[in-house]
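Okay, so here's the structure we're looking at.
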Amino acid sequence: MEKVKNNIIWVVAVSSIFVVVAIYTILIKMFRLNFIYLILEDPTGFLLSTLLIFIAETMKIFRLRFIFNKLKVKVSLKTLFLSRFMGDFMGLITVSNIGSEPTRIATIVSLEGIPIQIAISSGLLETFYDSIILTAIAFVGSIVFFPTSILVLISTLITISLWLFIFLGFVLKENILVKIVGKLFKKRLTPKIFGIFLEKYKDFRDLVKKGISSEINKGAILYTIFIIIIYVFSFLVLDPSYDLSLINVINGLFAYSMSYSVQLYPTPGGSGFFEYALIISTGVANAMIWRLSYIFVSIIPAAFSMVFFVKLRSIFKENFKRSLEYV
């Protein structure tokens, strides 16, 4: 039975790769793209964009370390580096980016030996700040570029609805929340599954409350804003004239936030939808070059990490299989 299960998982994995190839084949034919030409046309812009994306991802490492420190847990920078880029790589190859956060958590727990609940707590708090700020910006962007941005608007509304539901549980009594979920899902949830859901929700609610009501809040928000600024510059350097006009800054801001928002769509790493969100505000050429830079940053550090750290290979394989089970 386990062998059959593994075979199914790897079939899904190969299928995911074919889906990505098919998506890019369509994009290349649709826009008549030549990636080599695009890179050679402005190699400096490509390299600078790649460097800035790498710096932004590195700053996320320091943000997570800040959160761990506030929770009075010591985690080495090496572990956080490995977990960040292993998670980025996993997100790139799993549907809806579903494998990224579990891989980061598993890497930290495996290498540092800290309780998994603490690792989950920190990861959830980090996701909370990204999601709240970027979804709000993406929502504004989806209104500005409507109706072209209809898929972005849908994804932001889904995310906003989820957060509203979460915050609803902060102010309503628990039995009211139970009734709401019961009405929504009717008989689809067994008592056991619903009990697990309620327990996980309570944990998540407590973690978010801890984040937004403590000194973690101010520092994490400042880190998040700084990271977003770096990402905006990663778009601006793709313009050979380095035009820092307000409209270009806003377009870069919308591009990053909207591409973040659409990753929930069911393709590996949000492929297709991710590029669509970028193209809306940056144009085809810059969107594809930036995406290529992002893919480089997601793949190269993770590949080197797995070459030099044998333990990471088993973590990667296990989380890859677990992530695909949700597909």
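Glycine is no exception: its Cβ is also placed from the backbone N, Cα and C atoms.
Taken from TrEMBL as is:
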type: TRANSMEM; residues: 7-28; note: transmembrane segment
type: TRANSMEM; residues: 34-56; note: transmembrane segment
type: TRANSMEM; residues: 132-154; note: transmembrane segment
type: TRANSMEM; residues: 160-178; note: transmembrane segment
type: TRANSMEM; residues: 220-238; note: transmembrane segment
type: TRANSMEM; residues: 295-312; note: transmembrane segment
Where else in the chain does the transmembrane segment (220-238) make close Cβ contacts, counting only residues six or more beyond its ends and a cut-off under 8 Å?
-> 42, 45-46, 48-49, 52-53, 55-56, 59-60, 62-63, 66-67, 125-126, 129-130, 133-134, 211, 244, 248-249, 251-253, 255-257, 282, 286, 289-290, 293
Sequence-remote contacts (6 or more beyond its ends) of the transmembrane segment (132-154), Cβ cut-off under 8 Å?
-> 160, 163, 221, 224-225, 228, 253-254, 256-258, 260-262, 265, 273, 276-277, 280-281
